[in-house]
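Undergrad: Got a structure here, written out as structure tokens. Questions coming.
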Amino acid sequence: MKNIVLIGFMGTGKSSTGRLLAQRLRRVFVDIDRKIELEQGMTISEIFHTYGEEYFRQRERATIAKVARYTNTVIATGGGAVLNPDNIACLKRRGVVIWLTASPDVIFERTSRRRGSRPLLDRPNPRDAIAGLLEERQRLYQAASDFTIDTTAKKPWQVVDEIVDVLRQGGYLRGRSRSKSWQG
Ligand SMILES: Nc1ncnc2c1ncn2[C@@H]1O[C@H](COP(=O)(O)OP(=O)(O)OP(=O)(O)O)[C@@H](O)[C@H]1O
Ligand SMILES: O=C(O)C1=C[C@@H](O)[C@@H](O)[C@H](O)C1
Ligand SMILES: [Mg+2]
């Protein structure tokens, strides 16, 4: 079975929704940011501040190259994975790519919850940083994705339901996964 790859801006729910989706489909879940943190023994912010963004992007590239070879896995990428076309090319080889979106206000609200953990938003006016990065990246997410799901006004379990529906309709899932109602 193909991997299910979640892409999208910070705060669109790739990590939290990805974990739920993997539980629902009984698949392994890999979060690229978490894997880098574990392997490096540092948080993403510490990596950015100590070695710089370019170094982080190299680690991200190497980690994605490794994980993209898995099968049957739910993969949550970091928000900047689309910046390198090689990342997308290798993820697509064995994966179907889902773009999670959310409005700038909701992104701001969700990313404010764990301040200090997203170095690119660690500045005096994070709203402007969000607007600028969204503008730069929107077309990259669009071009990389097979399906798009707007998470703005949805609970994580509703996003999971929608992902399962689009994957099933697209012929990417076989058999039944647990019914929607179990998650309330
Ligand atoms: N659909 C949702 N409704 C409400 N809150 C959500 C939803 N999805 C995620 N969240 C919350 O928003 C915050 C950010 O979510 P998450 O870390 O999953 O985003 P992400 O896309 O993985 O971001 P990053 O690219 O920075 O890793 C978390 O506090 C999470 O619980
Ligand atoms: O959007 C981005 O460029 C990033 C998103 C996070 O997931 C982390 O990968 C890191 O903070 C960079
Ligand atoms: Mg994440």
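Positions of Cβ are set from backbone N, Cα and C atoms, glycine also.
Nobody curates TrEMBL annotations by hand; they come from automatic prediction.
Marked as ATP binding site by TrEMBL: Gly11, Thr12, Gly13, Lys14, Ser15, Ser16, Arg118. For Ser15, the entry in TrEMBL reads Mg(2+) binding site. The substrate binding site annotation in TrEMBL covers Asp33, Arg57, Gly79, Arg137.
Give me the structural setting of these features: burial, nearby parts and distances.
TA: According to DSSP, Gly13 (ATP binding site) is assigned to coil rather than to any helix or strand.
For Ser15 (ATP binding site), other Cβ atoms within 10 Å of its Cβ number 19.
Look at Asp33 (substrate binding site): DSSP puts it in a helix. Sequence-distant neighbours of Asp33 (substrate binding site) (same chain, six or more apart, CB under 8 Å from its CB) are Ser15, Ile44, Ala76, Gly78, listed in sequence order.
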Undergrad: CA-CA, which of the binding-site residues Arg57, Gly79, Arg137 lies nearest Thr12 (ATP binding site)?
TA: Gly79
Undergrad: Got a sec? Which of Gly11, Gly13, Ser15, Ser16, Asp33, Arg57, the binding-site residues, have CB under 6 Å of any ligand 1 atom?
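TA: Gly11, Gly13, Ser15, Ser16, Asp33, by Cβ distance under 6 Å.
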Undergrad: Given the binding-site residues Arg57, Gly79, Arg137, which one's Cα is the least distant from that of Arg118 (ATP binding site)?
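TA: Closest by Cα distance to Arg118 (ATP binding site) among the binding-site residues Arg57, Gly79, Arg137: Gly79.
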Undergrad: Of all the binding-site residues here, Thr12, Ser16, which one's CB has the most other CB atoms within 10 A?
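TA: When each Cβ's neighbours within 10 Å are tallied, Thr12 tops the list.
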Undergrad: Reduce the DSSP letter at Gly79 (substrate binding site) to three states and note it down.
TA: coil
Undergrad: Between Lys14 (ATP binding site) and Gly79 (substrate binding site), how far is it from one CA atom to the other, in Å?
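TA: Lys14 (ATP binding site) and Gly79 (substrate binding site) have their Cα atoms 9 Å apart.
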